[in-house]
Amino acid sequence: IVDERTQNLKQSEEKYRLISENANDLFIIINENFDIEYMNEQITQKLLGYKKEELIGRNSIDLLHHDDIEHTIKSLRMGFKTGEGTEIVRVKHKNGYWIWLEVKGSIFIDNNGNKKGLLIARDITERKNIEEKLRKNEEVFRAVFETAKDCIFIKNRSSQYIQVNPAMEEMFGVQAEELKNKTDIDLFGKETGKHVMEVDKRVLNGEIFEEEPTKPIHGIPHTFHTIKVPLKDANGNIFGLCGIARDISERKQAEQKLKESEKKFKALYKGIPIPTYTWQKEKDDLVLIDYNIASERITDGKIKNYLGIKASELYSDQPTILEELYRCFEEKLNFSRELYYYYKSTNKKKYLFLLIYAQ
């Protein structure tokens, strides 16, 4: 009977050895002092770079990252009491870098009645690296989200706000919780809100959308430069959208004032009773780009045929005028004088007071 039990034990140990040596996970047996008594050799060398004999008899704690030692010792001690445990640790590779291992342990009693710990460890370095990248990306996003002066928001597929940043809280004068689950119809009214939600539908179908809508906030119209992009999960499914909105109301007002000013200047320019011409620098020459109504009168309307003409061509026989035009552009000088001028457009000569000035 004893021989039969011994034989069965040997067969059992052989099966365990075959399983452990051919497994993809690291098998470790430690005693209550945490000394290593067994490791499956192929995986040990592949995963940690050590030969089996380099680790047998060595204390397993010596291989750990210093930040993992304290909690691992507590976990191992507890495991020897409760019979099982799970831990995630960093173990030093023979070449000096760190491997992340997820370790599951259980207790068994050997033939001599001693407690042993069976640890099965799986390499999760790639997973931890991905998690770390995600964590850093989340930190960057959070920093931008919290400190940006632009309004940043996230909506679900129902176009409800599920997250807004402090800049948007300040814009609306409310806390984020008060905006949560609201739609743009709730915020801006039916007409504006309906347009915004139509845009959201396009984004939720995969478009990246950019526009400059004007919306009323506390009764005051605000113009925003808005960009919206779809948000996708790991499988590529769109679960919502993210938007960034910059208040450009002041810029738009300035642009409008500039347009009005240009319009007034244009009207003044056209109505001046003195023939006036506008030249523009083009490479090494000047080109006629505009003229006023008085210029049309003095040329019997033929000035239109000279739009786009180069100064070097029009004043080829008037070197003084040509020189003064060039100096006006290059040196920002003004010139004025009287002259007897020949109009090529009408074949007429007239006494003129010529004024050349830089704008």
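Just so you know, glycine gets a Cβ as well, placed from its N, Cα and C.
TrEMBL annotations: computationally assigned, not manually curated.
Between the listed ranges 48-75, 104-131, 244-271, TrEMBL ties the annotation coiled coil to 244-271. Per DSSP, the domain 'PAC' (197-260) is made up of 20 helix, 30 strand, 14 coil. The domain 'PAC' (84-136): residue composition by secondary structure is 12 helix, 30 strand, 11 coil, according to DSSP.
According to DSSP, the secondary structure content of the domain 'PAS' (12-83) in residues is 44 helix, 12 strand, 16 coil.
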